[in-house]
Amino acid sequence: MKTVVFAYHDMGCLGIEALLAAGYEISAIFTHTDNPGEKAFYGSVARLAAERGIPVYAPDNVNHPLWVERIAQLSPEVIFSFYYRHLICDEILQLAPRGAFNLHGSLLPKYRGRAPLNWVLVNGETETGVTLHRMVKRADAGAIVAQLRVAIAPDDIAITLHHKLCHAARQLLEQTLPAIKHGNILEIAQRENEATCFGRRTPDDSFLEWHKSASVLHNMVRAVADPWPGAFSYVGNQKFTVWSSRVHPHASKAQPGSVISVAPLLIACGDGALEIVTGQAGDGITMQGSQLAQTLGLVQGSRLNSQPACAARRRTRVLILGVNGFIGNHLTERLLREDHYEVYGLDIGSDAISRFMNHPHFHFVEGDISIHSEWIEYHVKKCDVVLPLVAIATPIEYTRNPLRVFELDFEENLRIIRYCVKYRKRIIFPSTSEVYGMCSDKYFDEDHSNLIVGPVNKPRWIYSVSKQLLDRVIWAYGEKEGLQFTLFRPFNWMGPRLDNLNAARIGSSRAITQLILNLVEGSPIKLIDGGKQKRCFTDIRDGIEALYRIIENAGNRCDGEIINIGNPENEASIEELGEMLLASFEKHPLRHYFPPFAGFRVVESSSYYGKGYQDVEHRKPSIRNARRCLDWEPKIDMQETIDETLDFFLRTVDLTDKPS
């Protein structure tokens, strides 16, 4: 049976050997070039392929149409993937009439995603395994063909567990590959409600946070022990690595991170104490804990920290343009909740951020981005992270003031992007779910969905294409000039301080604010073209948590990424949104202050938005990038968001002249 194989690492080598032993004909192997910054302790797929006389390739992007065509010419009957590090596009998967199969290092549906070997140890699991599953468009989500369980011993570290998994994988493939060859397999669908997903790990993720329990820190040490980069901490600015450890149930009142003793080297944790058995100072040699203490100059009572002392003193400076807006003010609140951010903001108003004005780490200037260009350039140069959140983002303005939308949303933001390029500053840019336009995909995917808009004589698309072109400009600056960037695409975020009722009175607001105004004034709720259009509504708290994690950028996982931030489970039509809002309104304790409900009224979009409007029937995000890069899932139910948003707006209404 002819096959094409995608493989890397030890699992890739043993997978290839198993295929050959089972009588498969391998037409080509696709692998990766080794990363010079990665310790190569594993077998070389490229070398094995060369020794076996099999053509081998390592393209940067195997999903490029040219490679898809070359693979199609090989006419594979079946495709296998063994620890290949990139997602394989659906066009390639569909080339094999007998299907495509992937070997994954966990007991799916648990631990989908990257580095399951390390994550199970980090999380203190006692069992894992290997799974052979059918490949589908969504990573690690296809039906299970075979699994083998592997026990995790208390003394297992990453390398010993790796060897166990390799042994299990050989057994599993020996048993299963002949059955696949003869079409004699039983597939079991994964239980989505049991699925968990984890993102890529980098060396920077393995710092020891001493406020955590000793058992948690010991698991971190096990998960990244040699030949992985190791768990680490600091004494002042001196970095050291912990290669092995033991948990002590030591009852101590010492502050977490304090040295309890140096022989053995015992460190106080949030719960218990951790003995550092072996470690390494800087780029030195491995030594026992007591010698490490001497090398680092530690004595009883010394304090360790999770980051260099100089870094701990320096707050990250974040520039938010449009800080008084819906996202800006909520993000400011989230950043100031931590003690390592300095927020600089500019906006034309300050009502939503008045609660921060006396905060020592919040600095605000009232101004217009089209006028205060010198102030903006200076602060781009001064700050570490830039978020240009200023935009006209209400649909009625797209047809009413298309040129103003272009001037502000495109031209002014392009200038800020160029400042970031000039001063080599990280930019986190708010793209929009609008860029997907009339895409027909069930889930809008950042990396694969087409961006489809209407004709030029429909000015409603000027916002979408302005944002899309900026996305492409930023991407090009990243590719050609090294701009550090992340694009995020919000999907219908809702919550307190979204617009205001005065904006709704002139039609320049989002949908829920307009509906609340109708209820407050006793006017009919207008359902544009029947209100059947579906959206996925996302609580502002979920959205801001994801955005905060983008700013944190653990392990630089967000660099160069486009990330949808939305809740695909909170899908509802505008009509359903209105009905849910009405039910919440009728139960509200302030309900008696407002007029009777005036009913729903269906209106044509042209009469509401004006000439040149087109609507989108559905807009549902894929959030695989958010899961992978941020370890993020939305949690808040739509009804809770509606209740809190309604309550906020009703309490802003002056009730002094309302009948009680």
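Using N, Cα and C of the backbone, Cβ positions are placed for all residues, glycine too.
Around H104 (active site, proton donor), the same-chain residues six or more apart in sequence whose CB sits under 8 Å from its CB are R112, P116, V130, T131, L132, H133, D140, listed in sequence order. Taken from Swiss-Prot, the feature active site, proton donor covers H104 (among others).
When Cβ atoms from all protein chains are considered, those within 10 Å of E434 (active site, proton acceptor) total 24, not counting its own. Here Swiss-Prot flags E434 as active site, proton acceptor, drawing on sequence analysis.
Here R619 (active site, proton donor) comes close to S433, Y436, F444, F491, N492, K534, R535, C536: these same-chain residues lie at least six apart in sequence, with C-beta atoms under 8 angstroms from its C-beta. Swiss-Prot lists R619 (among others) with the feature active site, proton donor, giving sequence analysis as the kind of evidence.
Annotation source Swiss-Prot lists (6R)-10-formyltetrahydrofolate binding site at H86, L87, I88, R114, V136, K137, R138, A139, D140, citing sequence analysis. The local packing around I88 ((6R)-10-formyltetrahydrofolate binding site), expressed as other Cβ atoms within 10 Å of its Cβ over all shown chains, amounts to 21.
Around D347 (NAD(+) binding site), a 10 Å sphere centred on its CB holds 24 further CB atoms from the protein chains shown. Sequence annotations record features per position, and here Swiss-Prot assigns NAD(+) binding site to D347, D368, I369.
Annotation source Swiss-Prot lists UDP-alpha-D-glucuronate binding site at A393, Y398, 432-433, R460, N492, 526-535, Y613.
As annotated by Swiss-Prot, region 'Formyltransferase ArnAFT' applies to 1-304. Mean model confidence of the region 'Formyltransferase ArnAFT' (1-304) amounts to 94 (pLDDT, 0 to 100 scale).
The region 'Dehydrogenase ArnADH' annotation in Swiss-Prot covers 314-660.
Look at Swiss-Prot and you will find N102 tagged as site 'Transition state stabilizer', backed by sequence analysis. The secondary structure of N102 (site 'Transition state stabilizer'), as reduced to three states from DSSP, is extended strand. Residues within less than 8 Å, Cβ to Cβ, of N102 (site 'Transition state stabilizer') and separated from it by at least 6 positions along the same chain comprise F80, S81, F82, L132, H133, R134, M135, D140, G142.
Secondary structure from DSSP puts D140 ((6R)-10-formyltetrahydrofolate binding site) in coil. The site 'Raises pKa of active site His' annotation in Swiss-Prot covers D140 and rests on sequence analysis.
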Across D368, D529, listed as binding-site residues, the smallest other-CB tally within 10 A is for D368
Span of the recorded NAD(+) site, as the biggest CA-CA distance among D347, D368, I369 in Å, is 8
The largest Cα to Cα distance in Å among the residues H86, L87, I88, R114, V136, K137, R138, A139, D140, listed in the record as binding (6R)-10-formyltetrahydrofolate, is 16
The number of other Cβ atoms within 10 Å of the Cβ of A393 (UDP-alpha-D-glucuronate binding site), counted over all protein chains shown, is 21
Neighbour count check, CB within 10 A, over binding-site residues V136, I369; minimum at V136
When each of the binding-site residues D140, S433, K526, K532, R535 is scored by other CB atoms within 10 A, the minimum falls on K532
